[in-house]
């Protein structure tokens, strides 16, 4: 698991001083806690996003049949409950995290809806015959609203790069040869380049297509109505991607809880006993009561919080702002200092600490704005 893996890395790099080792372990456990909290938050975000896409499919079909001005209104709660039920079942599948096909399917779905969003943005710009919007961004009533919008946008951008949350999980799966660090560096560069390319293309062409009327989600905000079947397909790809993605982020938490309880209560039957159950048309299933209870409760709480705060952009911004500085900046910088044995107050140390401080301020700014956005939506 990520915590144990990073703990080994940290301990191997620390000095022999006991206090330094204790500090390193505390930081490692804090990093692990934030990592698992981030995975939990991602489950909430994926529940909201999936229900939004499922609702968008229904609305797209309604608009196609009844016209673009039809009152095609559908709630989110039903789709969130459906998603939650699916995840409860999937969370009980043994060795779900070892299914290689899941990553392949997720990649195909991701490329599919990204290409569709990109292509629809280009088509809309060509159809308009001009580029909408401006360098100043969307116009709002007051400077204060502009500040809040900018801060929420920074949080959304931070959430768009969640890769630091599962970085150590990915490292745990690497094998050599070739050397793991070379494989990781190459994979990181390629993934960041491709991700940035699609984000910029979808974001820029979406804004160029709609200007001030740009929806928060191009494929669910109905900037596009036709071809409706293509909108449906893109949203179906999102749903399939996030059904698997929820498990990708949840399985590390499940494994950690299983191991922790097993080590803490080695003789407890509730924790360690498995009961063989024969299901029709399926191989025998080994039921564990701890897994059944904890994983069901985990999915139920993410679903419940998503239903209580069903605000797509605001929740994504909040989670992105919360995760960004500690997981993507602070801990990597601290580990780099230890690995490269960089002394305090050297040139490299000052540059990286300054960079970390600036990112901290940006994260605080984004966090405050995102909290304001969630509260404003909840109270409105």
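Heads up, the Cβ atoms here are built off N, Cα and C, so glycines get one too.
Curation does not apply to TrEMBL; its annotations are automatic.
Quick caveat, the model's predicted, so the values are computed rather than measured.
According to TrEMBL:
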type	residues	note
DOMAIN	24-374	domain 'Amino acid transporter transmembrane'
TRANSMEM	37-57	transmembrane segment
TRANSMEM	100-123	transmembrane segment
TRANSMEM	189-208	transmembrane segment
TRANSMEM	228-249	transmembrane segment
TRANSMEM	292-312	transmembrane segment
TRANSMEM	318-338	transmembrane segment
TRANSMEM	350-371	transmembrane segment
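Sequence-distant contacts of the transmembrane segment (189-208) (same chain, at least 6 residues past either end, Cβ-Cβ under 8 Å): 114, 117-118, 121-122, 124-125, 131-133, 160-161, 163, 214, 218, 223.
Among residues of the same chain six or more beyond the transmembrane segment (318-338), those with a C-beta under 8 A of the stretch's C-beta atoms are 9-10, 13-14, 24, 27, 31, 34-35, 38, 41-42, 44-45, 154-162, 164-165, 349, 352-353, 355-356, 359-360, 362-364, 366-367, 369-371, 373-374. Long-range neighbours of the transmembrane segment (228-249) within the same chain, counting only residues 6 or more positions beyond its ends whose Cβ lies under 8 Å from a Cβ of the stretch, are 39, 42-43, 46-47, 49-50, 53-54, 56-57, 60-61, 63-64, 83, 86-87, 90-91, 96-97, 102-103, 105-106, 109-110, 112-113, 116-117, 120, 165-166, 219-220.
Outside the transmembrane segment (100-123), and at least 6 residues removed from its termini, the chain residues within Cβ reach (under 8 Å) are 198, 201-202, 204-206, 208-209, 218-219, 224, 230, 233-235, 237-238, 240-241, 244-245, 247-248. The list of residues near the transmembrane segment (37-57) in space but at least 6 beyond its ends in sequence, with Cβ under 8 angstroms from a Cβ of it, reads 74-77, 79-80, 82-84, 159, 162, 165-166, 217, 219-220, 222, 231-232, 235-236, 238-239, 242-243, 245-246, 249-250, 252-253, 298-299, 302-303, 305-306, 309-312, 315-316, 319, 322-323, 327.
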